[in-house]
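Q: Annotations per TrEMBL:
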- Lys36: active site, proton acceptor (ACT_SITE)
- Tyr266: active site, proton acceptor (ACT_SITE)
- Arg135, Met314: substrate binding site (BINDING)
- 383-399: compositional bias 'Basic and acidic residues' (COMPBIAS)
- 245-373: domain 'Alanine racemase C-terminal' (DOMAIN)
Amino acid sequence: MLYQTHLRVHLDAIRHNLAGIREAVGPDVAVLLAVKSNGYGHGAVEVARDVERAGLVDRFGVATVPEGIELRGAGVRSPILKLSHAFPEEIDAALAHDLELAVVDAAGADAVAEAALARGVVAPVHLKIDTGMGRIGTTPDTAPELAVRIEDSPHLHLLGAFTHFPTSDTPAEDAFTDGQIATFTRAVADVQARLGRCLELVHMANSGGVLAHPEAWGTMVRPGIMAYGYYPDATTPRTIDLRPAITWATRISFLKQVPSGGTVGYGRTWAAPRDTWVATIPVGYGDGFDRHLSNVGTVLVGGRRYPIVGSVCMDQSMIDVGPEPVVAVGDEVVLLGRSGELEYTADDMAELLGTISYEVTCAIAPRVARVHIGGGDISRPGAGDRREFEGTDGGEDRSAVPSSL
């Protein structure tokens, strides 16, 4: 096995989460799954293939044109929306791979129209309206005029309109979110009145919107982090049951006895308070295992919790396994996930690091092999045979495909 440090992605958990979303929003509301940043670190291609095959989503959302092209190259056929506008030099490639584009201003609309004319196609676009995120988008007041400009172009089709919430996951900010919903609803009504027709897709609900603001569901919702098993904030209502979809694991590579006062790692930042044993694990900040975990983080081995000691290195880290260790070289070490009765989640790590679960999962480096479990054979064409993977999660389909080695 070439992938000692790896990420087991439990596709059944993602399916469970999406099924819960589907049940909540009902059959008349479409679901766009955000798979940007390599599916929040979970492997965009493999996740997209599996949930598309299961019929759980209607669209995918990406952040960049190359992300969309990668999905198309992997055989994903569902509509794909680039959630932010494209630079002019990216538009032709986006249209060549049948991506839907966001439009935020007149210059952007004209650029897409010009590229569509040159290619001889009609490009589907979504009008982005800024109602309080303060990032990108036309204003609610200028949205109708821009919509008419798009509608008047024979090479553009205004498929939908959308906005984004900065605080829909935070009940203390509900008044602000309610104001956004009202502003966007009025803007869409004005757009549709000017066009004399309804837009097919009206969407604003991210994960927080799905969980806490049913009035924001519109005709499509855009779940992101919740599809991968995490609530966007500790205060977000738990209205849908979610299951974390990853186990990040490695193995003990070396055991060494360290005398009292002996130091470990770069900078000698930790000294043994007593005679003890220290285990080395082949994972470090080069894998996305944050250096700020040095001397404060923990890992799980055999259903027990052990502290990280010394500075996290680029490729290796050390843990104190005590004066009478019950571990051995080769034992599995869980960085994120469950071991026995204990669980350590991306939320737990994020709290320790002063960040959010999104960053923790997205930061897991490409060199950490993604091993997808529970969704059948979804290997890329020519990726090789299915492999039997032995882990400690139990009760799951053990057939797995490493997406990188």
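In case you wondered, yes, glycine gets a Cβ from its N, Cα and C as well.
Where the annotation comes from TrEMBL, it is an automatic prediction and has not been curated.
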Q: Find, for the listed recorded positions Lys36, Arg135, the residue with the lowest Cβ contact count at a 10 Å cut-off, counting only other Cβ atoms.
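A: Relative to the other recorded positions in Lys36, Arg135, Arg135 has the fewest Cβ atoms within 10 Å.
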Q: If you average per-residue pLDDT over the domain 'Alanine racemase C-terminal' (245-373), what number do you get?
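A: Across the residues of the domain 'Alanine racemase C-terminal' (245-373) the model's pLDDT averages 98 on the 0 to 100 scale.
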Q: Within 10 angstroms of the C-beta of Met314 (substrate binding site), what count of other C-beta atoms is obtained when all protein chains are considered?
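A: Neighbour count, Cβ to Cβ under the 10 Å cut-off: 12.
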Q: Tell me the Cα distance separating Tyr266 (active site, proton acceptor) from Met314 (substrate binding site), rounded to the nearest angstrom.
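A: Approximately 11 Å lies between the Cα of Met314 (substrate binding site) and that of Tyr266 (active site, proton acceptor).
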Q: Around the Cβ of Tyr266 (active site, proton acceptor), how many other Cβ atoms lie within 10 Å? Please give the count over every shown protein chain.
A: 12
Q: Do me a favour and check the Cα-Cα span between Arg135 (substrate binding site) and Tyr266 (active site, proton acceptor); whole Å is fine.
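A: Taking the Cα atoms only, Arg135 (substrate binding site) lies 41 Å from Tyr266 (active site, proton acceptor).
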Q: If one measures from the C-alpha of Tyr266 (active site, proton acceptor) to the C-alpha of Lys36 (active site, proton acceptor), what distance in angstrom results, rounded to a whole number?
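A: One finds 35 Å between the Cα atoms of these residues.
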